[in-house]
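This report concerns only the one structure given below.
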Amino acid sequence: MWELRHRGGGGPGPGGEAASPPREGEAAGGDHETESTSDKETDIDDRYGDLDSRTDSDIPEIPPSLDRTPEILKKALSGLSSRWKNWWIRGILTLTMISLFFLIIYMGSFMLMLLVLSIQVKCFHEIITIGYRVYHSYDLPWFRTLSWYFLLCVNYFFYGETVADYFATFVQREEQLQFLIRYHRFISFALYLAGFCMFVLSLVKKHYRLQFYMFAWTHVTLLITVTQSHLVIQNLFEGMIWFLVPISSVICNDITAYIFGFFFGRTPLIKLSPKKTWEGFIGGFFSTVIFGFIAAYVLSKYQYFVCPVEYRSDVNSFVTECEPSELFRLQSYSLPSFLKAVLRRETVSMYPFQIHSIALSTFASLIGPFGGFFASGFKRAFKIKDFANTIPGHGGIMDRFDCQYLMATFVHVYITSFIRGPNPSKVLQQLLVLQPEQQLNIYKTLKTHLIEKGILQPTLKV
């Protein structure tokens, strides 16, 4: 390690020792400037002076992850080659995870929210742990504690915003919650500011740049995990179908691309992921678009999936009951001339959401994989195969959800840009938390507006 750090620092010094690279304030090939530091400070400088000049080759090796494959699977697959053994392990664990996912869907929206929160925390843990392992030898003070503190602060802010938006009627009944919601952003800022001050106080001489590296590491991790998981929950509130079709499209693309690549892959796709092939990429694309179109048709039939998720204070639970919007009502569409000859029909009936599903599944199969490529580059930078060894054959939770985060952002932007209109229930919730005088003023203004439009008849004054 020391040899790597001293490469490029000049020829050997006296006694055969490698000469240290010039430090800040020294000429690259000339005499050293006179230093007015004590002997103790000089010793510290010699010991830690190279902390901020690390290169990729200086990154310490992270121990390989342990194999957590159940013994029963190891015995059952012991006669297979490593290639087919990995195939069966991945396949069995994939089916198991899909089955558990269906069970959570059946349990309702609240359990899905808890699932998203659990995945977020686990992904954050895996990324932060990599940083801790890489820089553990320098014993950075408070790094792990501050990282988790910032996670709590950011989650408090985002989930507080969600509570204020979707649970206004419930908050109105609780005085303590009213205080927390009214000053939510100030409290969130104060909490973050406390963490910021703790970080500044934890700075140690000769660790400055490294500590700021890790401060940035934590915040980028928060951006990747917390912000995206918050968008996932926002999509869920628009209707479970906006949660299920995008997520299942990414899962479908991951599975089908792996299958096509496993059996037909010959042409490498990208150097960051040597096992990815063009055959798998193209096969995954067509499979995902077809799957998304069919899944949209099936789910659009049921209120449970298409209605916005709302909290009903009278029953104290989430409900998914509504009159489905135009997106989820069968419409007749005229076919192009070349399809009329093939299908021998003039029109076809389908849900408008199926057209949107094509956009969602196209993004999931063409752009979504770049989240995986990004994760592959990250792992290569730190010389690791997987983020963790949580799931045998798959790696860590982050290895399975690296593409989902890009998808969550796209769906949120897509809904706000092309789908979402005024939400009457949300407007009503906001009205209910106003003061009686404000409500009365709004009522009078709305009544006057409707009379002017001719929707209401003016009342006769006696």
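Each Cβ is built from the backbone N, Cα and C atoms, and glycine gets one as well.
Whatever TrEMBL says is automated annotation, not expert-curated.
Record features (TrEMBL):
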- 23-57: compositional bias 'Basic and acidic residues' (COMPBIAS)
- 1-67: region 'Disordered' (REGION)
- 142-159: transmembrane segment (TRANSMEM)
- 179-201: transmembrane segment (TRANSMEM)
- 213-233: transmembrane segment (TRANSMEM)
- 239-265: transmembrane segment (TRANSMEM)
- 277-299: transmembrane segment (TRANSMEM)
- 353-375: transmembrane segment (TRANSMEM)
Chain residues outside the transmembrane segment (277-299) and at least six past its termini with a C-beta under 8 angstroms from it | 240-241, 244-245, 248-249, 252-254, 256-262, 264-269, 305-306, 350-351, 353-354, 356-358, 360-362, 364-366, 369
Recorded stretch, among 142-159, 213-233, 239-265, 353-375, maximising Cβ pairs under 8 Å relative to the transmembrane segment (179-201) = 142-159
Mind checking which residues reach the transmembrane segment (142-159)? Cβ under 8 Å, same chain, six or more beyond either end.
-> 117, 120-121, 124, 128, 131-132, 135, 184-185, 187-188, 191-192, 195, 198-199, 202, 211, 214, 218-219, 221-222, 226-227, 230
